[in-house]
Every structure is written in structure tokens, then in C-alpha cells.
Amino acid sequence: MCLLYSALLIGPNWETSVLVGGTVFNQLVLWRPGGSKGDSQSQVERRLLGHSGVIFSLCYLQSARWLASASDDRSVRVWNVGVLGADGGCGVESPTCLRVFYGHQARVFCVRLSPGCVFSAGEDGACLLWEWEGNGRVGQTLKGHRSGGIRSLAVSRGGGWVATGGADGGIRAWRVLEGTRLVDQSKEADCQIDLGFSGRGCPKVVRSLGGRDAVLVCTDQGEVLLHQDESWQTVWNGGPEFQSYCVMDVAPVQFQDASLWVCAVGNLNSGVQVFALHHPNSGVLLQAGQGKVHALQWVQGDRLCLLASGAEGLVYRWTLEVIEDKTGLGLRLEKQKSFLLPTCAKRWLTAAVRLPRGNGSLWVCGDRRGSLLLYREGELCEESEVDRENREGGSKEEQGVWEDENRWPESTVNDIAPISPVNTLFGVHGKQGVTSVCEHQGLFYSTGRDGCVRVLTVDRNTLKVRRVHRASKGMEWLEKVMFLGSEISDMYEVIERRKQDGEEEERSITDSGLEIEGVGQKKRDTFNEEAELKKTIGINLEDSGSERFAEARFVMVGFHSIQFVLWDPLTRDKLFSVTCGGGHRSWAYIFPSHTQALPSSHSLREGMLIFIQKGAVMSSRSLTSKATHVRGHTLKDGLHGRGLSCICHLGSVSRGGLSSEEWEVLVTGGEDTTVSVLAIEPGQGTVKVLAVLADHISNVRTLAAVQREPRQKGGSNSRTNTSSLSTFLFSAGGRAELQCYQLLIGWNEQVNWPVCQVTQVAGHRLDEQWERRRNRHKTVKMDPETRYMSMAVVHESIEEILVTLACSDGAVRLFTVRVESRKVELVWENFYHQRCVLSVASYSFEDPQGKQHVLLFSGATDGAVALWDLTTVLDSKSMDSWHGPSAPCFSLPVHQSGVNALVISNEVGPMDKDIITVASGGDDGQLSLMKIRMQLRQEVVFPELLSHWTVPLAHSAPLTALGALDCATLVSTSPDQRVCVWRVCHDGLQNKATVFSHTADAAGLWVWHKKGSGLQSRDYVVVCGQGLQVLELTNGKDPERNEKE
Amino acid sequence: MGRSSKDKRDIYYRLAKEEGWRARSAFKLLQLDEEFNLFKGVRRAVDLCAAPGSWSQVLSRKLRASNESCEEVKIVAVDLQAMAPLPGVTQIQGDITKVSTAQEIIRHFEGQAADLVVCDGAPDVTGLHDVDEYIQAQLLLAALNITTHVLKPGGNFVAKIFRGKDVTLLYSQLKIFFSMVTCAKPRSSRNSSIEAFVVCQNYSPPDGYIPNMSNPLLDHSYDVDFNQLEGPNRIIVPFLACGDLSAFDSDRTYPLQLDSNKEYKYLPPTQPPIQPPYQQACHLRKNNLLAKEDLPSALLGLGALNLGTEQETDASTRETH
């Protein structure tokens, strides 16, 4: 007898079958269970030794006579076992190990074989395709699950399709095409081509002119060269002035229905040469102050604008106009007021974007110090103080027009008062600087070398960070974002797949162009439909402007150690990767030729990177799985990759009108440190992930929400017949971290499902001061690593929200979150419990005099429940002067060990308004119910315990979550995987129903009543743990499985 | 986070290092003993799945301290893998599913049966929830099986249990063999963990029961309502939290400076972890030899292929069964 972790039965019938077992002793054992006669146990006939961990998965391929095993030791082994089963018996006498594959970063959970190919997948979330030929290299890496790894794997008979099932509950299917599997070595070498730069000196800056074959390079010899038709030609030579240092930027400009390229080159001595690429002699030399031109950038707008970042933080600006004169083409540059950057070291501009506003423009810029700056021009009222001061100095604004060969008269430079930013987010992207800013659908996106993308809004004169998105671990240097086309295209692709039947699937061809021809009329229809949809969305995006609900889908572009990477944050997929040597180099990514305005994530794989490496100009395709080889499809969205610890129901949104389609909006927090906003349609069982909030650095243990009336803005009538939700969401957990978001959930009629807009309001950590200490790596942090265990909203008003937190260091803490100033402050903490506080619940009521009272219950690991009167916090005008209670007004041992859940409800009857019901669930499996009368004497609460009932073994495992549908109905759950409904009777608690739940490790629960007319009103329970499940409480109060996830 | 962060997160981990226990689980057995007086009169004790040996340490210290005749106390520790030697503890490197192991234990007790059998074994957690729970249940039943071979009637059995979906079924199995079964949670076991301990007192097997190693114990018909059976059929296993309330709280995060008189000092673990299964894989990763798709194929040859030829030097044993 021995524990088995995996087993495989091979053979046509029981008598001749062979059983392979993967044992806890790291062996593969083979025996014939049906082979023995009588009662005697059959003996193990073969033992395959080699693994150093338990065996998780086995696969046998008859045609090759291979047996494959996947193990805890992170390796996959393929054994030559001969023919198993039937006449083959247990195969060859002494099986040998043919291959050992080490490539996974964690446990390997599954292995599958197909001729010439081994597929393996595991805890690291990667599915690796090992090619048998060519010494067993990794042919492809398929990634795309949220976290927690891949748990199951299936490969179609021919090996053309691979499906992976993730720990996140997601299912992805991948097209792995035959024939392309064996990329021969010579082809691979072609991936990276030296463009054979032949000019003098060293190339320093590279820019793409759109097409695959048009590359512009600027050298340290002050020359600009163009690569076209496989040859290099010098476009412009700047002479000695432009040698040893130069910066360059190029941009397209429209002129009389034609597009031409203008190029700007800056030098060490403030000179900036601007010329049209095909008329290099029509150039203009501009003067950008004095000293080095740090950076040059063309910015699109109603007129193309050139920014040159010079000395002392001055950014010189010119607008460009192409004119036609006697000699042909001319450039007219009109000097604009300069921008002034904030004082700091490395004071130069790195990014800029412009948006027309009113009669002027709005500029969002980024600098090398990591600051984001907002400038306004052309609007008289919007001048900052610095601006005014400068003017008092007597300088006079002046504008001039210089044409052609004219040089900027130096005398006037100082006369122009620079514009100071109206708002600065100093150093927001860290000390390594901002790398790009751009605008898309009314939102601004900035990237920096802190590995973050910040989504920004401009509210009058203030730049506000709405959200921060972090790239994958190790990808600290982001260069920019690229927006993706609507995800509809992805969806349609899947539909296409589904429409094809098996035969056709196998025949579909690599190239997308061919694919259209290959399939019938039916398919062409979907294509048209898709195009239609895209068109309507395109239109919609334009009119909706800044009132956009959801953020756009984008891909992060940056460097991951020595690689240039395009990374899809949603699918967590590396779309494109080129080993170029890392950051600090000039690069240009060339979109694949067939890409429309906004590319799909698939097409981005086929792009090309031009970069400079060791003095050579290189062109490279991605070495990672090419789009033509692999196409991933999400058949089902993934949720959290690891356990869900908390859940909260926000409300529902509907399409409105006659449609009865209603989506329930839920928020979940998990061990994978993320918070997910989900929409669930209980009727169909559809789940849609609306947003993933990944700001927490540790696990998320608790959630709380405050509903707000949705903003009603005049003019936006389009959504009046649909419902929407506005909520302040709080999440808290490990490392004593608290986050606050504002969520706006509404219906998007174009895509026909709910969408969610997320604004990060505030974040707070108890040990933030420690993080800011300079030499912290040298000292030992003495503070406890506090975790927040539970949270409750105590009070809310328009300006501020009060939340209490149960803390693992033994404290109950009260924080105020100020919405407008986005500040979180600690106002009270009390260490009464002296043990880890596990749960908090709050209750507020109005006394007969109309005075509001706030009560708080807290429970700790010793089983005690304490009651706190926090009423005075409402009276204190300023939080600083308020000293919270030093002791609870009531404390009672309720459980033997930890109090995991607390729920408060009050009686419905008008007579018993001062009686509240406190239900608690404990680690001891007990459910307890207390009725407490809240007596008031001189406005002070005196609690009186009226009754206390317990159900000692309500669950055979810890009771982890509890919810109250009303004061008479409780629902509890536990890791024993039961959901129990309890009825509060006059003499105690009665078990009304128990149902088995598929959610293991149940940790959170939410119960809600859905109003409806008559029979349409429903009661729902949602349980979360390893996955989540929605149950409906039917009339007889028997929970009925409605839909599971 | 640094090496001291685990000291903050887990007070018993820190205390175990200070007091020289090989693992924090030593405190769990100590607290179980406080509640159930498990060591009273015990002269022959068996520690199943003993590695790294903290429960054997507890048995050795406590049994010798309470017993005047130290010579009579015999402790046998069984584990699949070798364990650093402990004074006064006889080690058997063997498989608890084998009759030969049971016979060897009895041999060490000079033909007599044990007074107490303890088992703190747990599978390597795979993160595959149902697999972990199932393996733990199988392990408990294997321990119960060998216990029926070596425990004297009236003796006690203590084992780790995961309070999961099938825990009631396990209780029902244990109640066949013991007149008193309690589910106990020492304060040193974290509230957040599904771990608990079954304390089975007074071994009294059914009449005519013949111990048999290949008993398929976990083979009951079982349904949803099993946990909520009414009347005499209901399996009642009381729950008891044990350990002094004034003891440290395993869920609480403590500051490093616990006592103002004693300065915090980082202590290395008493027993460093034994060879993990992923050792080879980690070695390869450290040397950048793991096979990767976007590596030039020259490097890959090293990573994937050469390993195939140097098979099988590392048939190392595992931490637990």
C-alpha cells in the first residue's frame, strides 16, 4: 500500500490492462491489476526511478511507445517503455529514460504527448511545447492565465489545438499549427538581421517612417541617413556643429493632400535644424536658448509643434507650417512661449502631448525627474504665480516669425516669459523619469521607468491620477503604451472557431489572409458583422469624449532586463520579445503591414523592432511564439488564480428598456493580491470580469463598499433608461494596506454588457514611513508586519468615510478617508484585545431624540466579542481632538477560539427598535446569536444581553463566513463545504437547510435580496474560496444551486 | 521583507528557535498535553512521520522529566527519511504502511505495545486543495492502521487532521477504535489554518478485530447530510481549543522587540530544511540553464539535453510521505 498522486490505465480490456501509478515515493510503478488469478494481489512489475518529487501526471503515447511523467521536482521525463497493455504486458524489461526536460519555474502538473511533441504545464502558468527533434528544445511557450498556474491540459489528436485550464478558472485554447513546429535553425537566425549600416560614425537615434523598409538614423557624426530598398543614403549632414552629440525626432505632416516627413536635429550648442526629409536643403536652423539641446519632440495637434528642451529647464516651442514658395517647399516655424520645468537635477523634458481645449491647448508633459506637468496656453485667466512674477520683472511677451534660413535673434530669447505648469505631480514616476505621455479617448496615459502606467484625468487645472497599472515583475522600464482595438475582434475570432466544425478546423491555414478564403460564406458574414460593430464602436468612442466609462485596452511596451517586450497586462501574455540588450537605446517598433488603426494583440506579435546595438542597426522579429504559429483564445475568463478571501455585492445593472437582462455586480479580493470587479448574469451563469485592481502588495482579505448616487449630469441622456452604480470601494489586507476606489459601473450599449470605470481615490499603509527611510536595508524593522483582517464602514458623509479595521497586531483601528483631498488618516487605535483581531462589524441607529449613535463590535482569536461606542466621533469637529474610547463598554467570551465572522441586524418590529441581533461564527465551528438591548441613559449606550443561543457544531470545520438575509435568516459557510441556512426562532436557532458547495476553502459569503414584483424577487447567496458559487434561496428556504463558477 | 519578517509573522516560529525546538509544532503537542494530560504514565511512545523531530523532542523531554525511572521510557520515531539523531529516541527509517515497520516498533518495546502514538505528518502542500486534503486523510488512516498494530488497549492516539469536507467521515472511522475522540486546536496552531488535532483516547477496537495493513478504511458511503445527521446517528466529536489564553497568539503579529529588557537577535532555524524536490531545478535556474523558448538553441542544448544523459543520481527522499 502506498499513496498515489496519479495513475493511468492502459489497455483494451481489464484482463490485459496495465496500470501506471505515480507514487509519493517519486517512482512510476507498472503492474497488471487484472492479470492475477484469484485473491492474490498482483505484483509491481516495473519501477521507474529518477524523479525527485511526487508524480503529478502521466501520459502514454502508443505509437511512440513513450510514457511521460510530470513531477514536483519541476521536470518532465519521457521513458521508453515499449508496448503497454494487451499482448505487450508491461512493456520492455528495463525501460530507459529518454529525455529529461527542465524548463518550468515551479511544479509541473500536467504532461501530454503527441507525435514528435511533448506538452507540459504547471504552477508557473506556462504551457511548454517541447520539440522532440532538435534535442528537445522549447518550441513554444503558451502563457495567459492570471496566476496560480495551469491545472489541466488537453491536446487535440493531431496536436493542432491545445487547451489549458488555469487555477484562475479560466480556459484558454491555443492553435498550434503543424509544420511550423520545427523552425529550422537557419530561419531562426533570420529573425535578427543587421541592416548593414554603412554611414560614417556610430548610429545614435533610430526612427521609423512607418513602412517596414524606411528607417531614419542619426549618427554621432551629425549625419541623418535613410535606409530604403536595402541601401543607406545620406539625407543631411550637419557639419562640425552637430558632431559628437545629437538628438533627433521625425514626424509626418500633411501638405496639400500629401504626407511628408519633417525631421529635427539638435546639437550641443542649442542649435536645432528642421528640414523636410525629401527637401533637406529647405531647412531652418533654430536656436533653443543656450547650451545643450537635451531632447526634441514633435507633438501633433492642429499644427505640428516642435519642443526642444534646453538649458535651465526651458522648453522651447515652435509650430510648423509647410509653405510653397518660389524655390519649392518651405518651412515656416513660429515661436511660441516656452515651458518652464520645475527646478531639479536632470531638468529636461522627456514626453509631451497636447489636447485642444477651449481657445487654447492643454499640454501634459513628463520630465526626466519623473514629474508630470500640466500646462495651459492661450487662455488668459489661467496663469500661475510664477508667470505673473516674471511679468512683473518687466519682460514683454513677443512673438516672431522666422522663415527659411533666418536665424533666431538671440537678443529676444530672454524676453519671452516662459509658461509655468498650472499643476505638477512632482516625481510621480520615480527618479528614473517619465518616458511617454499620450492621450486616448479623453484620458491621458503616462509611462515611466518605475514600471508603471498611470491613467490621468484633467479636472480644470488639476492632473489627477485615476489609476496606476504595474507591469510584470522585472519589467521596470516602460517606454510607452500601445492601444489595442476593441476586444470584440477577439470574441469574434472565438465565435468563428466555434462555427467551424472539426474537419474545417484542422484545415484552417496559417495566414489570416488565406483564412478568409478558406472558409465559406457563413464566415464572411461574421467578418462583415465584425467590421460593422467595429465601425459603430469607433463612432461611439469619438462622441463620448471624456465621459468614457472604461479604460481602453493597451499593451505595455518596455524593457525586461535585456529584452524589448510588448506585454499584455490583461492576459499577462508576452506578445513580442526581442533580445536587444536592454534599455538606454533608441528603438522603433514597426507595426505589421496589415494592421488597422488600432491593432489586435495577435497582430502585434508580427511586428518588427529596429534598434541600435553595438554600433549596428538591427532589425528583429520576435523570437517568442509568432502569431502565425500560435493563436490564443480565451474561452472563459479567469478569476483569481489563488483563493478568494472576501466578496461583496455592490448592486445590479441592467440594460434598461424592455430587456429583463440584469447583471449582479460583485467584487472579490484574493490571495493573489488583486481585487476583481465582476458582473454575473445569474440567469445564464455568465461571468464577466469588468476590472482588475492590482494595487495591493500583499493579499486582500477584506472589502467594504459605500453606495453613492450616480452622478447625474445634464446632457447625458443616452443612459437614462439604464441603471448604473456609483460606489466607494475599500479593500484591505496584508502589509497593513488599505486602498480606496471609486467605481462607476454602467451599461455600454455598444458592447452590450456592463463596463466599469475605476478611480483610485487613496491608498495607505501603516508602515509607509519605514518604506521612505533611506538606509532601511541596513536596519531591522522592529514593527510588526500587521495584516488587516476585517473591515467595516462606521460612518459616511459626502466629504469623508470612516472605516474600522481589525488588525493582526491586536489593535482595532479607525481611519478617516477624505474623498476630495484623497487622504487617509488614522484617528484611533486600541489594543484592548491584545490578540489578533479577526472581525469587526458596525451598527448605527437613531435614538428617539434623533441623535445618531455608532456602535462597533470586534472579535479576536480568544473568542471574545467586544462592543465599542464610537458615537462621539460624529460630534467632534476635528479628528485630532477626538480621543476614542479607551475600553469597550461590553466584552463577552463567545467562542472557544477565533471569532471569524460577525453580523449585525436589528428587529423589524417597531416595538423592538432598540434590540439588535449579533450573530458570530467561530473557528470552533460554532454559530452563536446574541440579542442585545441598547438602552440609552443620558445619551450613553448601556447594552443589556437579552438572550444568547449557540449551535456548538454548526459546521464540522471552522465557520469562516456568515451573512444575514434579514434579522430572522442567517447563512453560514465553512471549509467543510456546506452552506447552511439558519432560522432565528423565539427559542434559538434552527437549521433550515444544508447544501454541499463546490467551493473549497470557503472564506467569504454575501447574501442579498433582490427586489422584484411578486415571484420575481429572489434571494441570492454567493460563496467564495477556491472559486465562487452563486446559490439561490428558493421559497422553501432551501438553497438551490443556481449557477456555479 | 528580510529574514526577520517570519519572526514577526509567527511568534511560535521565533520561540521554537529560542527554545531549541526543531519546529514550531513542538508547542502544539505541549499545549495538547496541557489539556489532555497525554504523557501521564506513558513509558512507550511512538512518533510517526517524525521528521524533523520536534514531537520526538517533546516526548523525550516530557516523558523523562515526569518519569522517575528514566530507563524504562522508550521512544520510537518512524519516518521514511533519515533524521538528525536525538538523544533517547530510537529511530526507524521505514514506511508506516508496512507490517514490518509495526513489527520493528514492537521489537524495540521488547514485545510490548505502545502507550501513546502521535503523528504530526502532513503531505507536502501542493496547492491543489482537494489533493492535499485527500492525501492528509490517507496519511491519517495509514497512521491509524499501524496504530492498531502497536497500541495497547486503553492507549491514546494523537494525529494531525485537516478540517475539510470529509472530516466527519474520518471522525466516524476513529470512533470505531476509540471510545473518546476530540478535535482539539492548540493555540499555537493558527486560526487561519484548517489544521487541528484529533485526540483519540482509550483504544478499544471492536471485538474480534484483527489488524490488517490493507484495510480500505476510507470507503464509506457518504452523503451531504452526513455532517448534520440527526439523533443517535449523528457523529459528535467535540471541539476543544487548548492552551492557556495568556499564551502567545499564533495569529498575532508581534513586534520584534518583545521584551524591553532583551534585545532582539535573529536566530537561524534549528534545523535547516532538508533537500527539497526542486533542488535540481533551482540549481539549473540559478545557472540560467532552464530551457527557454527565446534562448538561442546553443544554450538550450545544455539546458535540456545534457541532463537527459546524467540521469538519476538524485533519487532523494521526501520530507514526508
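Numbers here mean position along the shown chain, with the first residue as 1.
Every residue, even glycine, has its Cβ placed from backbone N, Cα and C.
Site annotation (TrEMBL, ligand S-adenosyl-L-methionine) includes B:Gly53, B:Trp55, B:Asp95, B:Asp120; from B:Asp79, B:Asp130, B:Asp132, the additional listed residue is B:Asp79.
It is 18 Å from the Cα atom of B:Asp95 (S-adenosyl-L-methionine binding site) to that of B:Lys160 (active site, proton acceptor). Note: the Cα of B:Asp79 (S-adenosyl-L-methionine binding site) and the Cα of B:Lys160 (active site, proton acceptor) are spaced 15 Å from each other. A coil conformation is recorded for B:Asp120 (S-adenosyl-L-methionine binding site) in the three-state DSSP classification, outside any helix or strand. As a whole number, the greatest separation of Cα atoms within the S-adenosyl-L-methionine-binding residue list B:Gly53, B:Trp55, B:Asp79, B:Asp95, B:Asp120 is 18 Å. In this structure, B:Gly53 (S-adenosyl-L-methionine binding site) belongs to neither helix nor strand by DSSP; it is coil. Residue density at B:Trp55 (S-adenosyl-L-methionine binding site): 28 other Cβ atoms are found within 10 A of its Cβ, drawing on all protein chains shown.
The Cα atom of B:Lys160 (active site, proton acceptor) lies nearest to that of B:Asp120, taking the binding-site residues B:Gly53, B:Trp55, B:Asp120 as the candidates.
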